[in-house]
Amino acid sequence: MKPSYSIFIFNLLLLQYLSPLCLAQDFDFFYFVQQWPGAYCNSKQQRCCYPKTGRPSADFGIHGLWPNYKDGSYPSNCNSNSAFDRTQISEALSSMQKDWPSLSCPSSDGLRFWSHEWEKHGTCSESELDQKEYFEAAIRLKEKANLLKLLYDAGIEANDEFYSLESIREAIQKGVGYTPGIQCNKDSGGHSQLYQVYLCVDTSGSEFIKCPVLPRGKCSSSIQFPKF
């Protein structure tokens with residue numbers, strides 16, 4: 001084998017090995033997304049099934065911690081060799097069952113949901129967080145941003161009443177320090193309701209920051225905060 005050809009093969013193999021790692025390093029910030037179970041379960045868009053551990057508490061649950069680019073796009077499925085490993089969440093399992101429940105059908109223990117979140121999103125942040133650190137970071141962020149309390153302190157409760165979108169946004173901004181992104185869905189009657197809250201986080205997964213770009217949420221000026 002000629003030396004030049006050997007170098008070419010070596011470089012090709014090296015590129016194949018390093019490409020998932022390069023992809024994993026390429027992001028600008030995280031979206032930390034929490035969802036309101038009352039809106040998930042009161043929507044015509046999807047069915048709702050409680051986890052095998054039982055009905056979740058009436059609190060916002062984690063949807064995910066998603067690496068993002070400043071232009072609004074995002075990387076995904078960055079490393080097919082980095083599969084979800086349930087042993088990595090053993091210490092945080094009880095917290096994840098409480099704070100990161102799956103409401104999709106059929107009813108599950110959450111592993112399928114967490115596996116999806118890791119493989120689609122978490123693998124794209126491996127330059128900063130390994131699998132254990134990734135899930136633990138999300139749990140800590142949930143503790144730092146107690147959305148239900150922030151809204152309650154502003155007189156906004158999950159009581160099927162309608163509140164101005166601006167008042168919800170301001171209540172969260174006052175408590176966290178930064179403007180959130182708000183996503184709504186519609187109930188069976190077509191009413192716009194509070195569904196998900198997006199907060200931006202630095203690449204270390206530890207500190208909230210001003211969002212470089214906010215997701216486009218289709219919400220009415222007055223939205224319902226449904227009971228759960």
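Cβ atoms are placed via backbone N, Cα and C, with glycine included.
Automated prediction, rather than curation, is the source of TrEMBL annotations.
Summarising the annotation, TrEMBL assigns active site to His63 (among others). Taking the Cβ of His63 (active site) as reference, residues of its chain lying under 8 Å away and at least six apart in sequence are, in sequence order, Val33, Gln34, Gln35, Gln196.
Taking Cβ-Cβ distances under 8 Å and a sequence separation of 6 or more, the neighbours of Glu117 (active site) in its chain are Gly64, Leu65. Here TrEMBL flags Glu117 (among others) as active site.
Counting only residues at least six positions away in the same chain, the Cβ atoms of Gly64, Leu65, Trp66, Pro67, Ser76 sit under 8 Å from the Cβ of His121 (active site). According to TrEMBL, the feature active site maps to His121 (among others).
Annotation comment: TrEMBL describes 1-24 as signal peptide.
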